[in-house]
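Novice: Okay, here's the structure, questions in a sec.
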Amino acid sequence: MTSLHLQAADAGLGFYFHSRDSGGNNNMEPEMEDNTLELMSSVPRSLWLGCSSVAESLCALRCLQSIPSTRAHNQNTSVMESQNHVDDLSPKKTTVLTKLSNGPVMTGSRKRPSEGNCDKEKEKEQCIALFDQWSETDQVEFVEHLISHMCHYQHGHINSYLKPMLQRDFITALPAQGLDHIAESILSFLDAQSLCSAELVCKEWQRVISEGMLWKKLIERMVRTDPLWKGLSERHQWEKYLFKNRTTEVPPNSYYHSLYPKIIQDIETIEANWRCGRHNLQRIQCRSENSKGVYCLQYDDDKIISGLRDNSIKIWDKQSLECLKILTGHTGSVLCLQYDERVIVTGSSDSTVRVWDVTSGEVLNTLIHHNEAVLHLRFCNGLMVTCSKDRSIAVWDMASPTDISLRRVLVGHRAAVNVVDFDDKYIVSASGDRTIKVWSTSTCEFVRTLNGHKRGIACLQYRDRLVVSGSSDNTIRLWDIECGACLRVLEGHEELVRCIRFDNKRIVSGAYDGKIKVWDLQAALDPRAPASTLCLRTLVEHSGRVFRLQFDEFQIISSSHDDTILIWDFLNVSTNGQSEGRSPSRTYTYISR
């Protein structure tokens, strides 16, 4: 019993016919084969190309015979295709293309399968011989024509064949040409995950990565661009193994490979500590003699400088927390300060601005301009801006600590100007009149007003396009300085928001309710983020109003009306009540063998 199976391949571009008896053997009458040989030679090859054997092709053609219009149509199509391509190809190419497109020419007598295979092999050899005689351009042109005659199914096979031929292992090839440095330069752009994968490609890739010290270069790149990495390198003391050339003694590439995951683990731990509020707390008791309160502070790795309500400036050792020096001279509370490597500049309720030598503590200059308390000041790159309870803003040129001259006075606020900030483009001021005003840094001309707070504004920070402000309406607002739009309102404090700082990841605010709140900055800038997800943690340790704070990737340092300075350490978090300088499970020291 013979059964006929028809299967379409590749959207009908090729057909497969299978005629087998119940025993699985081909079953074809010789008379039928003779009758169909002529039809096979006249039907386009694309209609029976998918047949796996001559016998199966004959079964397919028998089915085609039952469709009267098929043979005539295909003959016409074959003739038209042949005519179209004759004009485009040279005689030699036309001969080869005709043989490959229409198959071998069939004679009236039936050939044995073995004879047909021999003829096919000879024809292949002739085609290849002709192909080899052509130029590369002619060969490409011919192959393009040949591919255009094929079906999608064949295109897929050709693509699978060509794909591995087109791949090149350039990392292995470059060192063979004496270009190791180019291979190293290419791989140096990989991130950590890609670099791990590259090491597993082959021994040559692993050699290039190892000899090129690419794990070391990756860590160095992160230290240069990310403050968190730089801080960790300094605190865990593996910075000494970086930025050294090959002539000095440096650990092998394997050391840096093993160091990288330790750094990532440290970073993840720090981020988790911030989110969960895990910290080690240190406390400085300022012991003011008269009135208590620490109004302002600034710190670096070695010291903390604070301005107190008792008119003094105290400098503290950041490691031992001992008071190193006390500067006196102001006749009123020290309300604001800023220092760099040369000078400390302070503003006081005595209406003066004083400039001190940061090393000796000597007074270098005293500026008398404002009529009332100097509430805030900022200086950078030879420019200083001060603001006062007298509602004015003063812009100063700082040629040197002893040569400071008044450039311009900005007037426009209707109440005390509580805070100022600036960069090369804008000066930003906030006032008790509920407004934030923007001024041009270069011309000192007024630009725009930001309105939104319902009560006076006590603090702000400005960087790039973002302004973050805190108010006595108990809210924090985020602003786009260029268009003046309020981007988000943060609610959570129960009293006046007195101080605020932000970096690329978070906002930290302190208020008269004695609380410090940590907010997710990126979520706050996303209008789709729910308000309930914005505050990451509330820190409660101060027993009085929080006046000032500063923070970095590892810590917050805050001051309060309770006469204390608190250091909130999120890096060296204690697990048993003791401060840990380093995680005991990780070591960073390289020991040469």
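All residue numbers here begin at 1 and follow the chain in the order shown.
Including glycine, each Cβ sits where the backbone N, Cα and C put it.
TrEMBL: automatically predicted annotations, no manual curation.
As annotated in TrEMBL:
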type	residues	note
DOMAIN	180-218	domain 'F-box'
REGION	100-119	region 'Disordered'
REPEAT	287-326	repeat 'WD'
REPEAT	327-366	repeat 'WD'
REPEAT	367-406	repeat 'WD'
REPEAT	410-449	repeat 'WD'
REPEAT	450-489	repeat 'WD'
REPEAT	490-522	repeat 'WD'
REPEAT	539-569	repeat 'WD'
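Walk me through where these features lie, including what they touch and how far apart they are.
Specialist: Residue counts for the domain 'F-box' (180-218) by DSSP state, with H, G and I taken as helix and E and B as strand, are 30 helix, 0 strand, 9 coil.
Across all of the repeat 'WD' (287-326), the predicted model scores a mean pLDDT of 94.
Broken down with DSSP, the repeat 'WD' (327-366) shows 0 helix, 23 strand, 17 coil.
Outside the repeat 'WD' (410-449) by six or more residues, the chain places 372, 375-378, 380, 383, 385-395, 455-463, 467, 469, 471, 479, 481, 484 with a CB less than 8 A from a CB of the stretch.
Applying DSSP to the repeat 'WD' (450-489) sorts its residues as follows: 0 helix, 25 strand, 15 coil.
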Novice: Just give the helix, strand and coil counts over the repeat 'WD' (367-406), going by DSSP.
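Specialist: Helix, strand, coil within the repeat 'WD' (367-406): 0 helix, 28 strand, 12 coil.
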Novice: Taking residues 6+ outside the domain 'F-box' (180-218), which of them lie with a CB under 8 Å of any CB in it?
Specialist: 169-172, 174, 241-242, 246, 250, 252-254, 256-257, 259-260, 264
Novice: Between the repeat 'WD' (287-326) and the repeat 'WD' (539-569), are there three or more C-beta pairs closer than 8 Å, counting only pairs 6 or more apart along the chain?
Specialist: yes
Novice: Grab the same-chain neighbours of the repeat 'WD' (450-489) for me: Cβ-Cβ under 8 Å, and only residues 6 or more beyond its ends, written as numbers and ranges.
Specialist: 415, 418-419, 421-423, 426, 428, 430-438, 495-502, 507, 509, 511, 519, 524-525, 527, 534
